[in-house]
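Have a look at the structure below, then the notes.
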Amino acid sequence: MKSYTPYFMLLWSAVGIARAAKIIIVPPIMFESHLYIFKTLASALHERGHHTVFLLSEGRDIDPSNHYSLQRYPGIFNSTTSDAFLQSKMRNIFSGRLTAVELVDILDHYTKNCDMMVGNQALIQGLKKEKFDLLLVDPNDMCGFVIAHLLGVKYAVFSTGLWYPAEVGAPAPLAYVPEFNSLLTDRMNFLERMKNTGVYLISRMGVSFLVLPKYERIMQKYNLLPAKSMYDLVHGSSLWMLCTDVALEFPRPTLPNVVYVGGILTKPASPLPEDLQRWVDGAQEHGFVLVSFGAGVKYLSEDIANKLAGALGRLPQKVIWRFSGTKPKNLGNNTKLIEWLPQNDLLGHSNIRAFLSHGGLNSIFETMYHGVPVVGIPLFGDHYDTMTRVQAKGMGILLEWNTVTEGELYDALVKVINNPSYRQRAQKLSEIHKDQPGHPVNRTTYWIDYILRHDGAHHLRSAVHQISFCQYFLLDIAFVLLLGAVALYFIVSYVTKFIYRKVKSLCSRSTHSTVNGHYQNGILNGRYKGNGHIKHEKKVK
């Protein structure tokens with residue numbers, strides 16, 4: 001059967017470049033992996049004739065490019081200080097000291113940076129003069145919603161994480177839709193559904209009573225007009241582009257203005273550098289294992305590094321490990337350490353047998369794209385939810401960094417390497433991921449063009465954002481039905497009692513009016529009263 005996908009993609013491209021737009025992107029103040037996705041997207045938008053501007057703090061590292069321009073501002077972080085901040089939090093994670101208080105501290109850094117942006121009048125006035133057509137918000141840092149409101153520009157959400165926010169408004173039955181950070185699948189028993197409900201309620205209360213009010217106080221501080229709540233701003237997004245995919249995510253209800261665009265960084269493997277090519281080509285007998293924890297490589301504790309080195313050294317496969325820092329003392333002879341490696345190109349090599357990863361979303365999509373089985377040791381954020389899905393789909397095994405032993409790690413690696421079901425599932429998920437209309441980055445630019453062409457595409461937005469809590473859950477209908485049921489109960493009860501009393505009265509009168517088979521009407525000696533006269537009646541002998 002002839003495929004028409006290339007023709008559709010060509011049509012999308014032709015329509016998309018009909019009008020060049022000015023787009024501003026507000027990335028999170030931390031996490032370089034998020035910025036890397038946005039840079040890839042900016043390059044794709046540039047190819048379609050759009051001009052993209054990044055709003056970044058001074059000192060934050062980013063490669064120069066003619067595909068985008070930069071608008072700098074004095075923020076709370078630069079690349080060095082944000083990295084130091086993350087390292088301190090990661091040390092607390094590995095030592096078990098990351099408490100709720102420190103999570104609030106992370107949020108405070110986000111809102112302090114937002115305050116610095118909103119209060120910078122020179123910055124804001126300069127941005128207003130640019131007259132942007134669209135602003136892209138990463139919900140990991142909700143200041144983007146505030147900036148969009150301040151500039152009076154249309155905005156859409158581009159989530160660089162696995163998160164499917166409840167703020168989207170899509171139905172999320174807790175019986176089979178696992179809440180973010182619940183580490184649950186769509187197959188839950190009673191206790192798991194109880195846990196899912198608890199995580200959902202805590203999450204909703206945290207967002208409603210902690211996160212959103214912090215940003216609302218910033219808007220009140222600077223008297224942003226027209227006055228709007230953060231709740232309304234978050235729900236006012238024209239489109240939600242989520243970095244997930246039907247191959248990875250559990251099936252769930254969604255809405256027309258929600259699109260899956262996970263896998264933006266995926267691409268075919270390119271030729272390896274000559275030295276690496278010789279190294280992987282020499283692993284034909286047993287193959288090789290790739291080890292990479294992404295940007296988290298610098299955060300690994302010495303204890304975890306030693307566990308990894310011990311388990312990897314026992315494998316018959318060769319091992320190439322992206323690593324920086326002090327070399328583990330128990331490093332095996334089969335293991336090659338390297339500070340940077342072409343991860344995507346190694347994943348696409350025919351001799352690869354498994355991937356040991358932290359479960360970062362970008363890495364998992366590259367792994368899925370090439371059909372490679374995974375052993376994941378999540379570190380923080382959405383790593384846990386990502387690996388939960390990988391394990392549930394049969395593509396890999398999830399291990400907990402704080403409980404895993406060297407032996408358990410070795411057993412998990414041996415299992416995914418020697419059990420063909422893991423590779424088969426990985427290859428099947430690769431087929432599903434690729435069997436969609438166009439590459440994820442092309443789908444993303446198509447939808448961005450779509451909302452630009454249709455002035456925000458309000459026709460895609462559900463009315464769920466215009467109804468109250470009581471209306472959504474039909475509490476008003478339930479109240480009326482309950483009121484009707486109560487009223488009906490009292491009416492039926494009253495009528496029943498009334499009929500009962502009448503019947504009882506008639507029966508009582510009938511009983512007292514009949515004696516020995518004769519009707520007496522209450523008059524002794526056989527007399528009865530009729531028409532006001534006393535009459536006599538002969539008794540029948």
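Counting starts with 1 at the first residue shown.
Placed from the backbone N, Cα and C atoms, the Cβ positions cover glycine too.
Annotation comment: Swiss-Prot describes ASN78 (among others) as N-linked glycosylation site. Taking a C-beta cut-off of under 8 Å and a sequence gap of six or more, ASN78 (N-linked glycosylation site) has these contacts in its own chain: SER57, GLU58, GLY59, ARG60.
The Cβ of ASN333 (N-linked glycosylation site) lies under 8 Å from the Cβ of GLY313, each on the same chain and at least six residues away in sequence. Under the heading N-linked glycosylation site, Swiss-Prot lists ASN333 (among others), citing sequence analysis as support.
The Cβ of ASN442 (N-linked glycosylation site) has 19 neighbouring Cβ atoms from other residues within 10 Å, across all protein chains displayed. Annotation source Swiss-Prot lists N-linked glycosylation site at ASN442 (among others), citing sequence analysis.
According to Swiss-Prot, the signal peptide annotation covers 1-20.
Annotation source Swiss-Prot lists transmembrane segment at 472-492, citing sequence analysis. Beyond its flanks by at least six residues, the transmembrane segment (472-492) meets 464 of its own chain at Cβ-Cβ distances under 8 Å.
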